[in-house]
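Listed in TrEMBL:
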| type | residues | note |
| --- | --- | --- |
| DOMAIN | 553-645 | domain 'DYW' |
| REPEAT | 135-169 | repeat 'PPR' |
| REPEAT | 205-239 | repeat 'PPR' |
| REPEAT | 306-336 | repeat 'PPR' |
| REPEAT | 337-371 | repeat 'PPR' |
| REPEAT | 372-407 | repeat 'PPR' |
| REPEAT | 408-438 | repeat 'PPR' |
Amino acid sequence: MATPSIPASTTITVLPSNIKPSSLPSTLKSLSLSGKLDEALHLIESHPLTPLPLQTYDALLHACISRKSLHHGQRIQNHLLLRRSTKGKKGRGGTQQSLLEKPALKTKLITLYSVCGRIDLARSVFDSALVGTAPESVWVAMAIGYSRNGCSKDALSLYVDMLRRFVQPGNFAFSAALKSCAELGDFPVGRGVHAQIVKCKDESDQVVYNALLRLYLGCGCFEDVVRVFAEMPERNIVSWNSLVSGFAGRGQLFEAFDAFRRMQGEGVGFNWVSLTAVLPVCAQINALCSGKEIHAQMAKSVTRPDMFVLNSLMDMYAKCGVVDYARRIFDGMERRDLTSWNTVLNGYAIARCMEEGLKLFDKMVDSGFSPDTVTFIALLSGCSHTGLTQEGLKLFHRMRTEFGISPSAEHYACLVDMLGRAGRLKEALKVVKSMGKKPSGSIWGSLLNSCRLYGNVPLAEAIAKVLFEIEPKYPVNYVMLSNIYANAGLWEGVKMVREMMEKRGVKKEVGCSWIEIKNRLHTFVAGGGIELRNSEKYQKLWSELMEATRGVGYEPDTRVVLHDVSEEIKKGWVCGHSERLAAMFGLIHTRSGIPLRITNNLRVCADCHSWMKALSQVTRRVIVLRDTKHFHHFEKGSCSCKDYW
């Protein structure tokens, strides 16, 4: 650090009569707290020979850091350099010559320059500190400065250099090193830092534990995340957020939801990060009641949620099939981004309200927002599922010509599905052959589903042959071909597909459904729920419902059972499907008139679809069933899909 020379013409201003030297530190502290840095610096520079304690400069630099005021910080440093060059002057804080060498001020200056983006100046101050023996705080300040400015590699190198100089790391150094390892994805070095933490005689603080959670989460070592979390003596909201996000990121949705519930039960509360982690979970598992509860907590919060949280909240409502709630939030937003528009558009597509969706799309374009690939996937899938074929074709054309978006595999899959559902199988096949890129499994799968809808066995066999080559282990393709054979009464074909699955080791995914009642998720698997099915309440209600549903025309359709067994066994298997068990559980444990909301991990079978329609009629209940493809709103004997699924 260069020492400036004092010009010969420098004049020393005496203190005004109304300010005593003894009151100068308190005056400067007051000015620092109120952010009046210009006045504070003018007062200091007007009285360069008045000795000031370390705490005064510390407070001034702290104020500079809070306001990211590089100019004022440099003036303070220059003043200290000026004071150091004045020999033999002493103050209450020790010799002014040594004041600038104090680690506390070095640390503050390094922090100030780094928050202002001047990592070069921060490094200059740090290098000057290395002339003597710099304590851990100075090293940590420089490491954090590097990390703050996106120089994680430099930060980690600094930590290694610190160890070479035999500076004992503490919690601040450990957390800074772990943060750099997480940002770099350097798992081996992170493991090494963890080993040093274990050997350290001092107790690790919460910041270190949270840094370990972030490291292992980022490196995909979730077992270590769970282990570190369990070892923590205390956990804060950051710790819990890491656990919830970790479960959600691995697709362990029920575990993520349970962790959030435990977090609430321990009185930790939540922040916006918590909600952006758990709301997508609520959306995926169709936990509308819990989502509404979170919304109520947000409404009571003293701080307003940001746009990202509101987008997550809208997405939750949209994916739970309550698009009118999503639209209310959207209309009340002060600021929106493209994700906001896409979320509501996708909600309309899911809910099969494409008339409203197309109106919103026009409003979006008129508002100056340019649609992207996600926008058109929502629009095209919505048109496909509601039979708006001509509107969908126009949108596909506009996507390329008006908005300059090249169709992706997902867009072509929507187009093929749209044409196939409309019975235009030849046109759909022509699109597949002329799309200019190798068709994906989802594209061929859409066409195979259209063959199921229209009973086109020869085309289905040709498409299935292609799918078995590109997706040999994907069970849905085999099951769909089996259904096509079964619907056509071709039982030899069903047998052939089943033998092919056994030979290739392909197993059909077990049907699983869940229903949320009183903020608890209850899960059922096909053929399970033995205790429920053997209960007196279940058997009494089942008997009444079977008689009532037959009275409105329902008869079990055993064609969905793809095994060569007796008709009675087939009926028993159909009645044991997981969505029926969830519906029965909901009828037993909720009051009359309460809607039932059920989620299924597979596409609903034709017989369960017919049964749900009859059930909604005889019980006068609204039943909302979400499967892997659609929302089905059953009411008064009808379904929102109009049997077009």
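Placement of Cβ uses the backbone N, Cα and C atoms for every residue, glycine included.
Unlike curated entries, TrEMBL annotations are predicted automatically.
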Intrachain neighbours beyond the repeat 'PPR' (306-336), with Cβ under 8 angstroms and 6 or more residues off its ends: 272, 275-276, 279-280, 282-284, 286-288, 291, 294-295, 298, 343-344, 346-348, 350-351, 353, 597, 624, 626, 631, 633
Statement: Under 8 Å Cβ-Cβ from the repeat 'PPR' (408-438), and at least six residues away from its ends along the same chain, one finds 373, 376-377, 380-381, 383-385, 387, 389, 392-393, 396, 399, 444-447, 449-451, 453-454, 456, 459, 644
Statement: Near the repeat 'PPR' (372-407) in space but 6 or more residues beyond its ends, with Cβ under 8 Å, are 338, 341-342, 345-346, 348-350, 352, 354, 357-358, 361, 364, 414-415, 417-419, 421-422, 424, 435, 630, 641, 644-645
